[in-house]
Amino acid sequence: MHLFEFVFAKLISYLPRRRKKHFKSATTGVATKTMRNELNRLVNTASPADKKAFDTEMQSFFYLFTRYLAEKAQSHELDWDRIKSPAADQIIPYDKLSTKTDPKSLNKLAVLKVNGGLGTSMGMTGAKSALEVKNDMTFLDLTVRQIEHLNTTNRVDVPLILMTSFNTHEDTLRIIKKYANQQLRITTFNQSRYPRILQETLLPCPKTAGDDKVRWYPPGHGDLYNALVHSGVLDQLLAEGKEYLFVSNSDNLGAVVDEAILQHMIDTGAEFIMEVTDKTKADVKGGTLIDYDGSIQLLEIAQVPSEHVEDFKSVRKFKIFNTNNIWINLKALKRIMETEGMELEIIVNPKVTEEGASVIQLETAAGAAIKHFKNAHGINVPRSRFLPVKSCSDLLLIKSDIYSLEHGQLVINENRLFGTTPVIKLGDHFKKIAQFQKRFKKIPKIIELDHLTVTGDVYFGRNVTLRGTVIVVANEGQRIDIPDGCVLENRLLSGNLTMTEL
């Protein structure tokens with residue numbers, strides 16, 4: 001039997017009858033046949049020890065690729081007129097959750113951190129979770145401290161699972177060696193590695209299974225479900241009596257275990273819960289929950305027709321967005337993967353390689369799985385559960401005196417008079433970590449700051465205090481040094497070093 005034949009059978013069984021004719025014509029097309037041949041050739045270049053796992057991975061990729069071609073041929077798009085805001089029972093306010101919790105329920109829980117990111121947008125080359133973010137501790141250090149505290153305080157055994165990518169796996173293994181003697185079990189597994197697709201020819205970039213890393217990509221956090229199954233981690237968790245999995249991004253420092261949400265999941269029998277939070281102007285691109293023909297679904301900006309992008313960004317129509325903090329019933333996941341499989345909306349991510357070649361990456365989002373689970377819904381959580389570090393502006397906020405640490409968890413400073421955090425906008429000179437670290441001798445005191453904008457060639461000395469609204473603009477060819485001990489309150493500091501009171 002041809003190694004990809006079962007994929008065709010699986011695809012045909014999933015598609016509605018009315019689409020099979022279109023699908024067959026698409027899958028017998030030149031692009032599909034050529035891709036199938038190329039993947040067969042790739043599999044034959046794998047070492048005997050890796051061949052079986054690599055074969056499985058390429059079959060999963062081939063399934064995604066043929067779905068992409070079929071949908072492309074049919075101009076498969078959402079009907080915007082059928083999209084509605086979720087009903088009241090589809091998104092529960094966090095303050096409506098019961099405060100009565102049973103600490104023993106934690107024994108049924110495992111925590112998974114999506115740990116595949118490199119932090120390239122911040123100029124990093126290694127695992128982003130290895131970045132020191134607070135008190136000389138990394139994202140991983142803080143996560144370990146949180147879960148250790150949870151386990152020792154409640155006398156439970158909540159394991160930590162790290163889903164890495166081929167980019168971060170070795171880095172992660174090196175980092176977690178230092179936790180060997182901690183009161184915490186850590187499991188790591190690798191998500192899939194898919195070949196980038198040349199846009200012009202629709203052929204895979206890599207020529208061999210061991211080809212350079214830049215020719216491959218991790219296919220988004222929606223790959224979580226396949227990877228949990230293929231790695232054996234799902235079965236391992238079920239065998240240990242774990243029933244629930246809390247998933248979040250490793251760079252979201254607000255994503256701590258919440259017993260009220262776990263208890264709500266147990267009490268309501270929900271198979272899937274997505275934490276959402278109120279959208280601000282900074283979150284206009286975040287995925288949102290919608291009601292589509294009576295079922296709850298995730299809508300990502302990449303799926304939105306171009307003429308409706310502004311509607312999607314509107315805070316009026318879509319008031320909440322997905323934090324990517326997700327709670328999953330593991331028994332339900334096992335049932336779905338064995339019976340119907342996890343068919344998630346395809347996100348096409350175009351890229352340009354270092355050699356200048358245009359490629360596409362076919363990705364999926366973990367939250368899109370919500371449509372497969374019974375009694376799945378959102379919980380509208382406080383903003384404090386969404387504190388990602390995507391840029392050096394975010395990093396400045398986290399490192400500052402706005403937050404302190406308690407058992408690895410960020411706590412807002414009680415001396416902060418406002419419930420909100422300041423808006424911080426650092427220009428391109430601060431974009432990369434190395435530049436950021438060079439330009440701040442020490443992180444300024446910002447407990448009374450409302451807004452900070454910095455652009456141009458600017459350096460901050462030690463013990464600088466910023467209050468109210470502070471704008472610092474160094475024009476082209478000029479440099480501004482803010483001296484040690486300086487206090488800036490409601491000031492505009494421009495390139496000619498004149499201070500203007502705001």
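A Cβ is built for glycine as well, from the same backbone N, Cα and C atoms used for every other residue.
The shown structure was predicted, so the numbers you read here are calculated from the model rather than taken from an experiment.
Here is what TrEMBL says about this protein:
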- Lys128, Gln191, Gly220, Asp251, Lys390: UTP binding site (BINDING)
- His221: substrate binding site (BINDING)
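Taking the features listed in TrEMBL, we show where each one sits on the structure.
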residue: Lys128; record: UTP binding site; contacts (Cβ under 8 Å, 6+ apart): Gly117, Leu118, Gly119, Met122, Phe139, Thr168, Ser250, Asp251
residue: Gln191; record: UTP binding site; contacts (Cβ under 8 Å, 6+ apart): Gly116, Met163, Thr164, Ser165, Pro218, Pro219, His221, Asp223, Leu224, Ala227
residue: Gly220; record: UTP binding site; contacts (Cβ under 8 Å, 6+ apart): Ile347, Asn349, Glu363, Thr364, Ala365, Ala366
residue: Lys390; record: UTP binding site; contacts (Cβ under 8 Å, 6+ apart): Ser121, Asp251
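Across the residues annotated as binding UTP (Lys128, Gln191, Gly220, Asp251, Lys390), the widest Cα-Cα separation comes to 21 Å. Of the listed binding-site residues His221, Asp251, the Cβ environment within 10 Å is emptiest of other Cβ atoms at Asp251.
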